[in-house]
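Working notes for the structure below.
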Amino acid sequence: MLTFITRRLLAGIATLFVAIFMMYLLVDLAIDPLADLQEYRGADKAAKIAAREDMLNLDTNVVVRFFQWLGHVFQGDFGVAWRSGQDVGTLVSHAIGSTLQLVTAATVLSLILGVSVGIVSALRQYATFDYLIIFLSFLLYSLPSFWVAVLLKQWGAIGFNDFLADPNLSIPVLIVVAALMGLLWVLAIGGSVTRRLQTFGLAFAATLGVMLYVQLTDWWADPQLGPVLIAITGVGFAFALTAVSAGLRNRRALYTALATVAIGVALYYPLQGFFDSVAPSHLMMFGLAIVAIGVGVLVGFLFRGPDWGVSARTGGITAFVIAAMIYIDRVMQVWPAYVNSNAIGGRPIATFGDRTPNLGGNYWVQVLDQYTHLLLPTLTLILVAFAGYTRYSRSSMLEVMSQDYIRTARAKGLSERTVIMRHGFRNSLIPLATIVPIDVITLIGGAVVTERIFNRPGMGALFLNSLQEAEIEPVMAYLLITAALAIIANIVADLIYAALDPRIRVNA
Amino acid sequence: MKISRKSAAVAAVAASALALSACAGGSGDGNSDDGAGINDSESVNIAWNQPFYSYNGNSMTGNATANNVVLYLMRAGFNYYDEDLNLVQDESYGTYEKVSDDPLTIKYTYADTAGWSDDVAAGPADLLLEWVAQTGKYNNIEPVYDEETGEVTNQAEVDAGVYFDASSPGISLVTDVPVIEDNSITFTYSKPFADWETAISPNLPAHVVGQRALGIEDATEASDAVVKAIQDGDVASLQKIANVWNKDFNYAELPDDENLYLSSGAYVMTDFVKDQYVTLKANEKYKGEHKAGIDQVTIRYNGDPMGQVQALQNGEVDLINPQSTADILSAVSALDGVKVESATEGTYEHVDLQFSNGGPFDPNTYGGDAEKAKKVRQAFLKTIPRQQIIDNLIKPLNPDAEIRNSYTTVPGSPAYDDIVAANGQSQYDEVDIEGAKALLAEAGVTSPVSVRLLFDPNNTRRVNQAQLITESAALAGFTVAPYQVQTDWGTDLSNAKSFYDAALFGWQSTSTAVTESDANYRTDATNNHYGYSNPEVDELFNQLQTETDPAEQTRLLGEVEKHLVDDAFGVTIFQFPGVTAWNESKISGVKPLTIAPGIFYGFWDWKTGNAEASK
């Protein structure tokens, strides 16, 4: 194993060196640091060109310059972006921060959405729902992100903001939307005719009810979850989660989930007071989330029973969801003040940048402002990545479900839930484990187009701007980091694969 | 308690439906939180493509439009360009007058109303500091490079040495230390200089440089110490001053030390978030004439032209000036409540002919027959479809676009009409195929004459222009072909002269300075890549360099251009089109200027619109 890792690492370093060397030559060919001076008319043009050639060592052979640069990098000096005189190390750390903010939510959400839709699609293979999802995922997969981004700006920001000015839909529109939702659920769940009718009726009624409620209470102007809705949604979620992960026969798991919801709702009002009395921060919220999960696990543990681990897991997940709802509710409370402020002017969804200038405001306002700026770029990334994950998880689930051990599991009388969730789903994740690390890592360097269009100051923007400004140092720092990360991600993916799948053994 | 599978499914569907339809609810207690601490100031937002990075806009590093537009709002000066590109004195900052013509002596006097936002008066020390930076007189340590590695071998000395990151051809003529008397400072030029009015402008606050470089706390003492160091030529102090001048004022986000962004003008910087925006508030300490029309201005950075248009539509920005294309123009014209103005920008397109490469325009090709070569050049210029280029490629972006007919002067500037009347370039306004054929016949060259045209093959507009030129010239017997790119067009322009016969590209004009064109048309000058040489032009430029009377300057430029036309040097075609659009309900009084500062001109006339009309 050690030999294997060493060999992979050495090969990785060699690849990295060759890649970086070639990239340096190519970047040097691609940029022209004197371009802006070529059109300069002043009498001191020659002097300016000479000064710049001196500054950038342009007289030196590019190979020599590469090794000089490499030498500096080994000493931890990434150089200076010469046009603006900024330190490249600072530039890069700033850019990575912004990119992580964007990429984290997008990856997690597209993974959850993509995998769950893919699994459902696989279970309903060749049903209408499956074809619908295949169509949708190929459509999204083939959309260029710059185009999605522009459309999202037009409809998701400008259109939605216009809608917010007068957030009313006519009753027929509401009915059509509710009917479509009902249909979608029927297609996804399937079953006998009675079952389908029930599903449709329920989904239709729930959707219509919610939309009417939203419209009649002027919810858009003052959005709230409130303890009642948190309780209702929480109980629903508790049942759904238990049904999927433990089975409703596992009463301990169910009671754990319900108890956790009860605790969460009971804490709603005390938490409001708590939030108002402290100066909240991301770190504190992260701590609170951990505490919440801990409480959920503890509740599960207290119910004991033969496999208390299942209850603890259910409790932990439920607690996290309830905590997230309370958090979102608190953020929503600043919405009216936010939307009506002068800086926002009633148009909350932003098309560019990562914050509203001169907004001020407390932690909650800042969080809300970040969300309104993250919304569209995150959606862009999700739409594109979602399609890929759906395809992967669908095909891997289909392959797993046709394996002999699935038939064996069914033959020995396991419930369908157990077969799908425990024997099917888990094994279908193995191929994903090799894709996800590489995806995550490439996204860190790779949201170039999305960042550019939404003007977020991340790694992609750093790369593009530096290339345009003919600054080789930041470009190379970017390429070095992304190349190194890509190579590491490949090694990590290999290792994860070996660890997850006992059929794969590394024989060093 | 028995829970059936059915009811579990019901619960699951219900919960998911609730979540999917956007978590609904509302306990109705409506505690709209006014204690959220939101800043309720109103601001006008302007989109710009490149972030600010240096407060020292007169250094070689910091001299970029991105910096100078922000500094335009933050710094008052002795003069500014008005709408008609006249240079006007801002007497609320100070006055200047020409004391004598020989030697050229200029006296700058600061007004009592000139001051920095930290309550320190702006004064002669500031201008003296700028002089020492621009003159290069004390730049005693030039970097020395290792022959083999190309590394600077005396980095430590260069760092320690007096090296100001600046150069100015005009100020380098002021060799004696300017003399300070009370509130005035007098510059004496060693020889007359035509563009003395724009040769120097107040830049950094001397007292802050003194405080940072010399470690003196009191502002007056610090400023006096800077003056003394300059007057005494104190190298040790000047080294420190130069280091501060070169480096301390370059920053990409709001620095901790507020002395690094003092204001002497209408606005003072209050916030600067890296790559996102700069916020400027009206400077309460400003006592001058150009008072802020709008209390708070935010410049937001967005490099994507279509992104700027959508941000304008979404109300995130109120004034944009994106790179103009037909798509941008039609997108922005479709918006409600938005005023769109097509205008011209500083760069102009032109065709120059190569005289010195043995090609069709070089007399040597015809055994030194200059007259014959000139006829061929004239014939080629007659075929260039200037009006058609403008109609097809520029009018969609700027309906008012016209042919530019001056080699040296921006259309709309005071001297433009006189110069155009004098130079006679308008004879090329219309394509004259018959005339071209006749000239070629007179010259007796065998057609087709092959012409290799240099242009940027990656620039679509230039490719289209080349196409139009090729088609038109073919009618008269010229075979125009794109030149073979050697390294890139900009480098090839000066280094690969034997590969092209004519060049199509743009020159930038950044001011109305009359000496700017010297480098283009004088024999062997920096930008004269074509071997063009006319002793009379050289002599006229010599006179122009030292001519300080504007009327006489105009006459000389007219004569220079007359020679250029008579020698068939080339033709100018059009001024680059620009588009400016703003939300009329948020801002009014925008009057973009052709040259820098563009859309920021006239900020003192800006007014906030009535916000309730915004959609």
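Heads up, the Cβ atoms here are built off N, Cα and C, so glycines get one too.
According to TrEMBL, the features are:
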DOMAIN    A:96-497  domain 'ABC transmembrane type-1'
TRANSMEM  A:9-27  transmembrane segment
TRANSMEM  A:100-122  transmembrane segment
TRANSMEM  A:129-149  transmembrane segment
TRANSMEM  A:169-190  transmembrane segment
TRANSMEM  A:197-216  transmembrane segment
TRANSMEM  A:228-246  transmembrane segment
TRANSMEM  A:253-271  transmembrane segment
TRANSMEM  A:283-303  transmembrane segment
TRANSMEM  A:310-328  transmembrane segment
TRANSMEM  A:374-392  transmembrane segment
TRANSMEM  A:429-449  transmembrane segment
TRANSMEM  A:475-500  transmembrane segment
What residues in the same chain, six or more past the boundaries of the transmembrane segment (A:197-216), come closer than 8 Å to it by Cβ-Cβ distance?
167-169, 174-175, 177-179, 181-186, 189, 191
Between the transmembrane segment (A:9-27) and the transmembrane segment (A:475-500), do 3 or more CB pairs sit under 8 angstroms, pairs being 6 or more residues apart?
yes
Are there 3 or more C-beta pairs under 8 Å linking the transmembrane segment (A:253-271) with the transmembrane segment (A:100-122), counting only pairs at least 6 apart in sequence?
no
Give residue numbers and ranges for long-range contacts of the transmembrane segment (A:169-190): same chain, 6 or more residues beyond its ends, CB-CB under 8 A.
120, 124, 127-129, 132, 196, 199-205, 207-208, 211-212, 215
Any residues 6+ beyond the ends of the transmembrane segment (A:253-271) with a Cβ under 8 Å from its own?
227, 230-231, 234-235, 237-239, 241-242, 245-247, 292, 295-296, 299-300, 303, 310-312, 314-315, 318-319, 322-323, 325-326, 330
